[in-house]
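J.: Pulled these features from Swiss-Prot for this protein:
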type: TOPO_DOM; residues: 1-7; note: topological domain 'Cytoplasmic'
type: TRANSMEM; residues: 8-28; note: transmembrane segment
type: BINDING; residues: Pro82, Thr83, Tyr84, Asp113, Arg156, Arg161, Asp194, Asp195, Asp196, His308, Thr309, Arg310; note: UDP-alpha-D-glucuronate binding site
type: BINDING; residues: Asp196; note: Mn(2+) binding site
type: SITE; residues: Glu227; note: site 'Interaction with galactose moiety of substrate glycoprotein'
type: REGION; residues: 243-252; note: region 'Interaction with galactose moiety of substrate glycoprotein'
type: COMPBIAS; residues: 312-322; note: compositional bias 'Basic and acidic residues'
type: REGION; residues: 312-335; note: region 'Disordered'
type: SITE; residues: Gln318; note: site 'Interaction with galactose moiety of substrate glycoprotein'
Amino acid sequence: MKLKLKNVFLAYFLVSIAGLLYALVQLGQPCDCLPPLRAAAEQLRQKDLRISQLQAELRRPPPAPAQPPEPEALPTIYVVTPTYARLVQKAELVRLSQTLSLVPRLHWLLVEDAEGPTPLVSGLLAASGLLFTHLVVLTPKAQRLREGEPGWVHPRGVEQRNKALDWLRGRGGAVGGEKDPPPPGTQGVVYFADDDNTYSRELFEEMRWTRGVSVWPVGLVGGLRFEGPQVQDGRVVGFHTAWEPSRPFPVDMAGFAVALPLLLDKPNAQFDSTAPRGHLESSLLSHLVDPKDLEPRAANCTRVLVWHTRTEKPKMKQEEQLQRQGRGSDPAIEV
């Protein structure tokens, strides 16, 4: 056993000596190691350069976001709103004015159905912060709705909308606010916004660049979830409506806007108070555009951005009872 261990140890010693001698011999031989070392150094240099570039990009400030056009460069939106005295008038006008205040480059034409300007409307306009023109015209007695009469018997707001068109065409009549009409060449769009509808701010940007007459759907109108144009390949080919679809323009008053230059080029185009039921919008649009040339907006008329809402008429039974007792609400407090 001892002999075997001795032989193993001797063999290990001889192999180690042989390996050492071989290594010593190789140290004296020439070695072509420089090219691989140079390649490795170049790779390290390229990596260092890329790291420096990435660090510089991280330190660089982000690019400024694209800026929207300056307000002065935007076409003006002229919003025409007829209004009349009633208990909810101020509430309606406050809501609408605060929506309009979110829209840049907007001019509000508020037209009262009255003999003269009322303190309520004058004060509201002055406090609104909006660029406005205050107009007044009284609806003729023969065209007024009687108590309890349905709204379709006489279309409301005809005289008031036409009064606003007269002002835009330079025929005067302003009783407050901006009294000078837009100068020739003004780029703008005219929209007829009733005081009781609900409007998305997006709607006004959809209409701003109207070239002729633009259109879109209106929600909660005509006994339907919405009414609006039907669009195919970017063109209006029909209308989704239940009430008399054969009308020349079966659209709601809130569902279109007209380029200001087009209205000024057609000085006789206005609303006809004698138009058949449901044809009031058509009485104006028929003078301005062919249905095939309507400009669909709101994602090809697939989005509803305005709603034909109605505020419930307040019930004043308790107020009337207190008034009979001489204890009615203070009339000096404006509501």
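Cβ atoms are placed via backbone N, Cα and C, with glycine included.
A quick note: this is a predicted structure, and the numbers were derived from the prediction, not measured.
Help me picture where these features are in the structure shown.
T.: Other Cβ atoms within 10 Å of the Cβ of Arg156 (UDP-alpha-D-glucuronate binding site) number 19 in total over all chains.
Secondary structure at Asp196 (UDP-alpha-D-glucuronate binding site), taken from DSSP and collapsed to helix, strand or coil, is coil.
Its Cβ placed at the centre, Glu227 (site 'Interaction with galactose moiety of substrate glycoprotein') has 25 other Cβ atoms within 10 Å.
Beyond its flanks by at least six residues, the region 'Interaction with galactose moiety of substrate glycoprotein' (243-252) meets 215, 218, 221-223, 227-229, 278-279, 281-282, 285-286, 291, 308 of its own chain at Cβ-Cβ distances under 8 Å.
Across the range of the compositional bias 'Basic and acidic residues' (312-322), the DSSP-based residue counts are 6 helix, 0 strand, 5 coil.
Long-range contacts of the region 'Disordered' (312-335) within its own chain (CB-CB distance under 8 A, at least 6 residues past either end) are made by residues 87-88, 90, 120, 123.
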J.: Among the binding-site residues listed here (Pro82, Arg156, Asp194, Thr309), which has the Cα closest to the Cα of Glu227 (site 'Interaction with galactose moiety of substrate glycoprotein')?
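T.: Answer for the nearest of the binding-site residues: Thr309.
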J.: Hey, how far is Pro82 (UDP-alpha-D-glucuronate binding site) from Gln318 (site 'Interaction with galactose moiety of substrate glycoprotein'), Cα to Cα, in Å?
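T.: About 30 Å separates the two Cα atoms.
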J.: What whole-number Å value do you get for the CA-CA distance of Asp194 (UDP-alpha-D-glucuronate binding site) and Gln318 (site 'Interaction with galactose moiety of substrate glycoprotein')?
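T.: Cα of Asp194 (UDP-alpha-D-glucuronate binding site) to Cα of Gln318 (site 'Interaction with galactose moiety of substrate glycoprotein') measures 30 Å after rounding.
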J.: Tell me, how many other CB atoms lie within 10 A of the CB of Tyr84 (UDP-alpha-D-glucuronate binding site), whichever protein chain they belong to?
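T.: 17, counting other Cβ atoms within 10 Å of Tyr84 (UDP-alpha-D-glucuronate binding site).
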J.: Can you give me the same-chain residues 6 or more apart in sequence from Asp196 (UDP-alpha-D-glucuronate binding site) with a CB-CB distance under 8 Å?
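T.: Set apart from Asp196 (UDP-alpha-D-glucuronate binding site) by at least 6 residues yet with Cβ under 8 Å, we have Val88, Glu92, Thr309, Arg310, Thr311.
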J.: When you measure from the Cβ of Gln318 (site 'Interaction with galactose moiety of substrate glycoprotein'), which residues in the chain that are at least 6 apart have a Cβ under 8 Å away?
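T.: Correct list: empty, so none.
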J.: Find, among the binding-site residues listed as Pro82, Asp194, Thr309, the one whose Cβ has the highest number of other Cβ atoms within 10 Å in the structure shown.
T.: Pro82
